[in-house]
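Let me begin by presenting the structure, written as C-alpha cells, before commenting on it.
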Amino acid sequence: MARPLDRAACIDDLRVMARQRIPRFAFDLVDGGAESERNMRRNVEAFEDIELTPRYMVDVSQIDTRATLFGQTYNAPFGMAPIGMLNAFWPGADLILARLCKRENIPYVASSAASTTLEALAEAADGNGMFQLYVSGDDSVTEGLISRAEAAGYTTMFITADVPAAGKRDRDIRNQLAVPFRFTPEVIAQCAMHPRWALTSLRCGTPNVANYADLLQSATSYAKVQKTLITPGFTWDDLRKLRNRWKGKLLVKGILHPEDAKRCAELGCDGIVVSNHGGRQVAFGPSTVAVLPGIAEAVSGKMTVIVDSGIRRGADLLRARALGADFALAGRALAFGVGAGGAAGAARAMDILKLELVRALGQLGVPAMADVGPEHLVTAVSRNRP
Ligand SMILES: Cc1cc2nc3c(=O)[nH]c(=O)nc-3n(C[C@H](O)[C@H](O)[C@H](O)COP(=O)(O)O)c2cc1C
C-alpha cells in the first residue's frame, strides 16, 4: 500500500496533509497572509497564468537542472526562503530543512527570526547556508547579529526591507496568536485533536526566536517579539552603512519597484529578491510576477535577481527564469512538506518540485535550465521572436 506521502501529487496535497496534522493556530501562522489574503492568492495565480510555449523534436533525454549563484553551482535553481518561527509549525522544522538543503545541494537561507540559532543552522546547512537579517532599531542588536553571522561562516546576507510596519494577518488575530504560545482553552482543545504535534512539541520545547533569546527574556507577546524585527526608520542611508559593514555578498529582499532595484545596484549590493514576503505584508501589493520583468530589465547585468512569493510548481521555476530571474526561493512549498510529514515530508516536497522541474524542462524542449529565457514566453512567440 502506498504511504500517504507518496500519494501527495503536488505541493498543494502536502498543504492539505499538513492542515490535518497541525493545530489550526500553528497551521495558520504559515498558511496565512495579510488581511484578505488577496495578494497571497495573486502570487500563486500570477505564476499559473504565465504561459510558456513548448518546442518539440529537441533531444531532451538528458536534463540539467543546475543553476549557479555567486559562483556556486546548485542542483536546482531555487533555495529555501528564510522563515521565522517555523518550529512552531512543526517541531524541528528549521534543522530538517537546513539538512535537506545541504543533502540536495540547494541554498538554505536562515532567518534572523528562526526558532534555531544562526550558528546551529550554519552547521546543519554546511556551506549551503546564507543569512537573512532583520535590521533592528537598536544598532547594537543589528551589529551583534552581523558579527555572529560572520563568525558562523556565512558569506551571503539578505537584508529584508519589506517590513517597515507589521503585516496585519487576520488569521493570527482571530487565533489570538502569542509567542511563546498561550495555552488558552481553545489552544489546548486544538492540541488535543492533534496529539502527535502536541507530543512532539512538548518533547522539543516551546519555540521562540532563538537569535534574540537574551533580548526577549521578558517579552511574552508576539507583538513585542515583532517589534524588535520591524524597523520603520530603516532607510537607504542605513543600507549604505550596512553595505560598507558586510564584506560578503549582500542582497536586499523585498524589492517591488525598478527604481528601488536600481538604487540597490548603485549602492553596490550584489543582488535583490523580488518578493512581497509571500503575501504576508500588503494585501494591496502586486504579485512578484507582475513586477519582475520591469525590475529585471532595469538591473539585468548589474546584479543578481532572485524572485520568490508563489512558487508551488517546478514549472514556476521556468516561468521565473523566463521573466528575468536568475534564481528563486521557495517558502511555503518546502514548509508544507515538513508539516505533512517531518523530514520525510520535506524530502517529498523536494522530490515533487524536482520531478516537476525535470518534466517541465523536457516538455518545454529545453534540456538545460540555464537556457530558459524570455523567448519561451508565449507573448514573445506571438510577437515572432526567434
Ligand atoms: C511563516 C513565514 C515566516 C516568514 N519569515 C520570514 C523571515 O523571518 N524573514 C524574511 O525575510 N522572510 C520571511 N518570510 C517570507 C519568505 O522568506 C518568502 O519571501 C515567502 O515565504 C515566499 O512566498 P511563498 O511562501 O509563497 O514561497 C516568511 C514567510 C512565511 C510564510
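Just so it is clear, glycine is given a Cβ too, placed from its N, Cα and C backbone atoms.
Here is what TrEMBL records for this protein:
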DOMAIN    3-382  domain 'FMN hydroxy acid dehydrogenase'
BINDING   Pro82, Ile83, Gly84, Ser111, Thr160, Lys253, Ser275, Asp308, Ser309, Gly310, Ile311, Arg312, Gly331, Arg332  FMN binding site
BINDING   Gln132, Tyr134, Arg169, His277, Arg280  glyoxylate binding site
ACT_SITE  His277  active site, proton acceptor
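Counting only same-chain residues at least 6 apart in sequence, those with a Cβ under 8 Å from the Cβ of Tyr134 (glyoxylate binding site) are Ser112, Ala113, Thr160, Val163, Thr228, Leu229, Ile230, Thr231. For Arg280 (glyoxylate binding site), the spatially nearest entry among the binding-site residues Pro82, Ser309, Ile311, Gly331 is Ser309, judged by CA separation.
On a Cα basis, His277 (glyoxylate binding site) lies 12 Å away from Gly84 (FMN binding site). Listed in sequence order, the residues of the same chain lying 6 or more apart from Ser309 (FMN binding site) and placing their CB within less than 8 Å of its CB are Asn43, Ser275, Asn276, His277, Gly278, Gly279, Ser287, Thr288, Gly331. Residue pair Gln132 (glyoxylate binding site) / Ile311 (FMN binding site) shows a Cα separation of 19 Å. For Pro82 (FMN binding site), applying a Cβ distance below 8 Å and a minimum sequence separation of six or more within one chain yields Val109, Ala110, Ser111, Ser112, Ala113, Ala114, Gln132, Phe158, Thr160, Lys253. Our reading of the FMN binding annotation (Pro82, Ile83, Gly84, Ser111, Thr160, Lys253, Ser275, Asp308, Ser309, Gly310, Ile311, Arg312, Gly331, Arg332) yields a largest Cα to Cα distance of 22 angstrom. Maximum intra-site Cα distance, glyoxylate binding residues Gln132, Tyr134, Arg169, His277, Arg280: 22 Å. Distance noted between the C-alpha atoms of Ile311 (FMN binding site) and Arg169 (glyoxylate binding site) is 21 Å.
Sequence-distant neighbours of Arg169 (glyoxylate binding site) (same chain, six or more apart, CB under 8 Å from its CB) are Gly32, Gly33, Ala34, Glu35, Arg280, listed in sequence order.
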